[in-house]
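> Have a look at this one before I ask anything.
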């Protein structure tokens, strides 16, 4: 029965990944139905805390977008890039990382990609270099941002073990930052120079290259947009502080007596409250909150959390004795194997949150150390391996020089080198960091070097 049910799960994931979107969550629900009604497994409890955390975070981020906050962030990024065009291959990925980190969504990169392409071409730099690593960086930051859907899922799964958001960030922020830096270095001299690239010269001769815009578009920045950004960033700071200092949370009555308010509830209350403040003080059109790209992406994460996590936990709980007997010792001795599993599952489902919800319950059920799972977590950014994710396709479309491309054999594409370097380095640093607790030191040294050079 075990292997039959495992095959059903794998087939469900492949079909779900092929159709994409909310169907991933739907087919997870079908998988639960098959295992319960046909194979007689007991359904696990749906991940309600995870779903509610994601929903509260998404509401705040969608309110930010509707208030013009994301447009303001994009305008600031464009100014920085146009001011320092020579360093675009190093600067662009960190800007994309920071903006995803602050907003909790990688969707901000769609507005930055055309700017990155234009600035690189105007500077005679091969656009493939900054575009490819910027796409990777924008997604890698999702596993570091305190307000991303994937982090919400991670917090919900780790909270019962007493692991706080500050602990997760202490491991993941330096790991992913160093991974982005190494990815940028690996891409710095990738390919021929733009003036020597035959595809670019062909397109130039045929008049296929569009003229670039020397000036930024006149985006009206309102005081309400600035306020929405300030409120949203404040919400992120509050969440980190609540996780870092439990004494800031009120004491509530629980089955174990008086305890600090759980982080799951604290995040939900904080993000819903700040979402409300953004709407009250910044006065966005409420209809735009649920019609924006941020809310749609969040709704997808919620559906995936409901269906995929439920299917995964039902399967694992139904066969926990067999799984422990067969693979527990192997994974406990070689914890990095879970990182490889995360990478390939994420390549198939193209979602950090979905991958987290599929594999973290397995790792926890097998008794793998929480810090090893957190150190391996950046491996959920394997979406680029098969370049069908929206960010990869957008980078291909915005680069009219033809330097950003998918090769003849599909896997030899522009995102492979920076992506692999990024993930491998991030996981190595994450696993090293969880053993040595050197997060703050790494962050401070790294920031000092970046400040010195830029």
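Quick reminder: no glycine exception, Cβ is built from N, Cα and C everywhere.
Pulled these features from TrEMBL for this protein:
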type     : residues : note
TRANSMEM : 7-38     : transmembrane segment
TRANSMEM : 50-74    : transmembrane segment
TRANSMEM : 86-110   : transmembrane segment
TRANSMEM : 161-185  : transmembrane segment
TRANSMEM : 227-248  : transmembrane segment
TRANSMEM : 260-282  : transmembrane segment
TRANSMEM : 294-311  : transmembrane segment
TRANSMEM : 331-349  : transmembrane segment
TRANSMEM : 356-374  : transmembrane segment
TRANSMEM : 410-431  : transmembrane segment
TRANSMEM : 437-453  : transmembrane segment
> Is the transmembrane segment (410-431) in contact with the transmembrane segment (331-349), using three or more Cβ pairs under 8 angstroms as the rule and ignoring pairs under 6 apart in sequence?
yes
> Any chance the transmembrane segment (7-38) and the transmembrane segment (294-311) have 3 or more Cβ pairs under 8 A, given the pairs are 6 or more apart in sequence?
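As far as Cβ distances go (cut-off 8 Å, pairs 6 or more apart), the transmembrane segment (7-38) and the transmembrane segment (294-311) touch.
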> Does the transmembrane segment (356-374) come near the transmembrane segment (161-185), with 3+ Cβ pairs under 8 Å (pairs 6 or more apart)?
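Yes; at least 3 Cβ pairs under 8 Å.
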> Mind pulling out the one from 50-74, 86-110, 227-248, 410-431 with the most Cβ pairs under 8 angstroms to the transmembrane segment (161-185)?
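It is 410-431 that shares the most Cβ pairs under 8 Å with the transmembrane segment (161-185).
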> Please identify the stretch among 50-74, 86-110, 227-248, 260-282, 410-431 with the greatest number of Cβ pairs below 8 Å relative to the transmembrane segment (294-311).
50-74
> Cβ under 8 Å to the transmembrane segment (227-248), counting only same-chain residues 6 or more beyond its ends: which ones?
60-61, 63-64, 67-69, 72-73, 102-104, 145-147, 164-167, 169, 260, 263, 266-267, 270-271, 274, 277-278, 281-282, 284
